[in-house]
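Student: Okay, handing you the structure first.
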Amino acid sequence: MTQRTLVLLKPDAVRRGLIGEIIGRIERKANWTISALELRSLDQDTLEAHYGEHKGKPFYEPLVAFMSSGPIVALVVEGERVIEGVRQLAGPTDPIAAQPGSIRGDFGTIVRENLIHASDSEESAERELKLFFPGLV
Ligand SMILES: Nc1ncnc2c1ncn2[C@@H]1O[C@H](COP(=O)(O)OP(=O)(O)OP(=O)(O)O)[C@@H](O)[C@H]1O
């Protein structure tokens, strides 16, 4: 089943020079295509909309501060079962729990600074794609 997903390379990935490494892993998957890509800084409104489900949690404010601490790379990736697939490439949210071979397992540090975001369902992907790439058909 062909899907689309939103991937964000978080400010730690950009600062640490891991953009190429992470995008390379995505590109090497056969049958996946990067159909949009942009380096940008995120404003508060976008972050509040993106992380709205976490508002009120203790990690919310530090998370928003971290996500606005430098530019991110936003990508749209299309392909067979790409939503689950990119989350597998990323590994679990907490890098300490992530297996070597996954992006967070190989490069992640702490749970907040875990390098990558990837949509977790078709519904999230549609909502997040509209938020980050409103011009996308
Ligand atoms: N306990 C926590 N402490 C600090 N930061 C956290 C914690 N839990 C989650 N986060 C941060 O909030 C982000 C969103 O949390 P969520 O539970 O949606 O994880 P996820 O789905 O693995 O991550 P993402 O949505 O970024 O792909 C995480 O990626 C991480 O950066």
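Including glycine, each Cβ sits where the backbone N, Cα and C put it.
All annotation found in TrEMBL is predicted automatically rather than curated by experts.
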Student: Based on TrEMBL, name the residue from R4, R25, R104, R127 that is recorded for the same ATP site as K10, F59, R87, T93, N114.
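Tutor: Looking at R4, R25, R104, R127, the one TrEMBL places in the ATP site next to K10, F59, R87, T93, N114 is R104.
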Student: Using DSSP, what's the helix, strand and coil tally for the domain 'Nucleoside diphosphate kinase-like' (2-137)?
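Tutor: Its residues divide into 60 helix, 31 strand, 45 coil.
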Student: Within the set K10, R87, R104, which binding-site residues show a CB-to-ligand 1 distance under 6 A?
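Tutor: If the test is a Cβ under 6 Å from any atom of ligand 1, the answer is none.
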Student: Between F59 (ATP binding site) and H117 (active site, pros-phosphohistidine intermediate), what C-alpha distance do you get in Å?
Tutor: 16
